[in-house]
Structures are given as structure tokens and as C-alpha cells.
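For reference, the structure discussed in these notes is given below.
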């Protein structure tokens with residue numbers, strides 16, 4: 001009964017925000033982030049366009065199917081991916097209905113690519129588009145996906161994977177801030193971050209089997225900064241701390257464990273924690289921390305082959321930190337005990353800022369429970385877009 005009362009209150013608040021003049025987008029963001037998200041697909045049809053600033057009054061008509069498909073360089077690949085997407089449709093849906101939706105899915109993708117030649121199709125993109133199609137229908141999905149593709153998903157749609165790799169590079173510094181032990185274990189196993197690639201580029205649509213969990217995450221991501229999915233990925237790894245540490249410390253074992261995503265995750269508490277961590281360790285701060293780690297040993301930094309890249313586009317480059325540690329390990333073997341003491345000193349420098357942060361983290365944990373951190377995430381969400389301070393969006 002208590003849950004029903006809460007749901008009723010939330011519904012009332014969402015409709016009040018939708019009906020106010022101007023529309024209260026900040027409240028809608030908060031509703032999308034807070035427990036339970038936007039509750040129903042009917043509400044999502046109304047709120048998702050507002051979160052993406054899409055005007056639903058004059059949606060352009062859908063283009064003719066034949067025109068879209070003739071001489072389209074992406075058509076064959078899109079067709080293959082969409083045909084393979086059976087499990088993304090509700091179980092028990094009649095074949096002819098599903099096949100109709102698959103044709104619409106192809107049309108939406110081809111339309112967005114045709115109107116935005118700067119965007120490049122990637123495998124997994126259809127997992128995001130199908131989520132919108134199933135929730136809001138083809139016409140509105142086309143408008144929302146186009147906006148999303150030129151903003152949140154922009155980096156995944158470059159001709160190269162460079163920007164996607166930059167975003168994956170945030171994963172380890174976030175884990176390091178919260179749990180240095182898990183971070184160091186993963187570094188020793190040399191597992192990298194590729195296990196999280198399909199999570200990131202499909203907004204978890206490809207890896208979660210329950211559609212309700214997928215749309216709940218989409219509520220959250222649409223209301224937040226474009227980097228929120230990588231914070232959510234970090235939170236999943238941190239949630240599995242014990243499994244990770246109990247694993248054999250080698251690349252194959254750890255990669256296998258992490259790429260099998262559990263289906264029974266406590267989504268609401270993980271969403272809370274991801275919001276917390278974003279407030280605690282915003283992207284700009286993680287970028288600085290990585291730069292500081294490189295600064296700690298300038299001479300080493302000048303020999304890193306990735307260093308020029310890092311200086312052209314500042315980012316939390318785990319490569320720098322990893323090589324720095326590897327170099328310490330190499331010298332440690334050469335110089336024995338004396339070198340070991342040096343490494344401990346360096347390590348304490350690298351990890352020093354963390355200790356006094358744990359207290360803050362606990363306090364913010366409480367604020368998220370009260371929905372306050374959602375506000376901080378909302379404020380930063382309003383600042384995302386082409387001029388994002390790390391120039392992740394060209």
C-alpha cells in the first residue's frame with residue numbers, strides 16, 4: 001500500500017511538471033533518476049522528448065521506405081543486425097507484428113544515418129533504437145534517436161573507435177577511487193575494459209534480458225550526463241567485488257566473469273550509487289587525477305608512446321597509470337627491497353586523496369537515499385552538450 005501511495009504521489013508530480021508553463025524539465029529529470037524512474041511507457045512517451053528537448057508538435061513525416069534502402073551503404077549490415085535482434089522483442093509477440101517492427105527499425109536507422117552523414121553506424125546501435133521503437137513508436141522514435149545520436153551517442157558514431165575508447169578509459173579511475181583493491185587486481189590481471197564495450201554502446205540494452213530493466217536505465221541515462229553509462233558500468237563491477245577478487249588473477253578468467261552480466265542486479269541501489277559517484281568524482285576531476293598520476297613521474301611520462309595522445313586530448317588515461325606502475329614493478333625486480341619501499345611511497349602519494357574521500361562518500365550515500373544527489377546530477381546534465389569541458393563532443 002505504501003508503494004502504491006508513493007507511486008500515486010510520483011505520478012501526480014510528473015503530470016504537474018508536464019502541465020506547468022514552461023514545462024518543469026528539472027523536476028522531470030529528477031523523477032526519471034529517482035526510485036522507479038518514469039513508471040510507465042505512457043509517461044515515457046511524454047517525458048523522454050522533454051528530456052531530449054525534442055518538439056513533438058511538428059514531427060516530420062517518415063520518409064518512403066524504398067528511397068531509404070536504395071543505394072544505401074549501411075543497408076546490408078543494418079539488415080543483418082536487425083534480423084539477429086529477435087530476443088529484443090517481447091516473448092510471445094506474434095511473428096508478423098515483430099517482423100513489421102523490424103522493418104520500422106531498419107527505416108529509423110537508415111533515416112537517421114541519411115540525414116546525418118557525419119554519423120557512422122556501429123553494431124549495437126540497433127539495440128538502442130529498438131528500445132525507443134518499442135516504447136514510443138516509429139515516428140517519435142525517429143526524432144528521439146536522431147537527437148540522441150547527435151548528442152549522447154555521438155562519440156560511438158565516429159569513423160574510428162578512438163572516442164569510444166576514451167570513454168571506456170574512465171572506467172578504471174572510477175573503480176580506483178572507490179575500491180583500489182579491485183582496481184589493482186584488475187590491472188594485475190590485465191583485463192582491460194573491453195568487457196564493458198557492449199554495455200556502453202548499447203546502454204545495456206544488448207546484455208539485459210528483462211525489458212523493464214532496460215527502460216528503467218534509459219530513464220536514468222536520458223536524464224543525466226552522457227558519461228553516466230560508464231559510471232553505471234563501474235558500479236556493476238564494484239557490486240561484484242567479491243566475485244572479482246575470488247577469481248583467478250588472469251585476463252581470460254576475469255574477462256569471462258565480468259562479461260557475463262548478472263540479470264538480478266539491484267538496479268535501484270546501483271542507479272543511486274552511480275549518481276553518487278558522478279557527484280563525487282565528476283569527469284573533470286578524474287581527468288585531473290590521471291594527469292597528476294602522470295605528473296608524479298615526468299621522466300617516465302615523456303617516454304610513454306601514448307603521452308602525446310593524452311596531451312592532445314586530456315582524459316583519465318589508464319594507460320599512463322598502468323605503465324607508470326609497470327615501470328615501478330620492473331625497477332622493483334632490479335633493485336629489490338630498496339625499490340619496494342620507493343613504490344610504497346609512490347603508491348601512498350597516488351592513493352592519498354582517497355582516504356579523506358571515503359567519509360564524503362558515506363555522507364553522499366545518505367543524500368542519494370533522500371533524492372538530493374539526483375539534483376546535483378540534474379544540474380550537471382543541464383550543462384552537457386557540444387561544449388562539454390573535456391571536448392569529448394567535437
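Positions of Cβ are set from backbone N, Cα and C atoms, glycine also.
Those TrEMBL annotations? Automatic predictions, nothing curated.
What TrEMBL records for 38-225 is domain 'Rab-GAP TBC'. Across the domain 'Rab-GAP TBC' (38-225), the prediction's mean pLDDT works out to 93.
Per TrEMBL, the feature transmembrane segment maps to 191-208 (among others). Cβ atoms under 8 Å from those of the transmembrane segment (191-208) belong to residues 88, 122, 124-125, 127-128, 130-131, 156, 164, 167-169, 171-172, 214, 217-218, 221, 229-230, 232-233, 236-237, 251, 254-255, 258-259, 261, 263, 318 of the same chain, restricted to positions at least 6 beyond its ends.
Residues 28-30, 32-33, 37, 48, 51-52, 148, 151-152, 155, 167-168, 170-171, 174-175, 178-179, 182, 186, 196, 199-200, 203-204, 244, 258, 261, 265, 270-271, 273-275, 277-278, 283, 377-378, 380-381, 383-384, 388, 392-393 of the same chain lie 6+ residues outside the transmembrane segment (220-238) yet bring a C-beta within less than 8 angstroms of a C-beta in it. The feature transmembrane segment is assigned by TrEMBL to 220-238 (among others).
The transmembrane segment annotation in TrEMBL covers 358-378 (among others).
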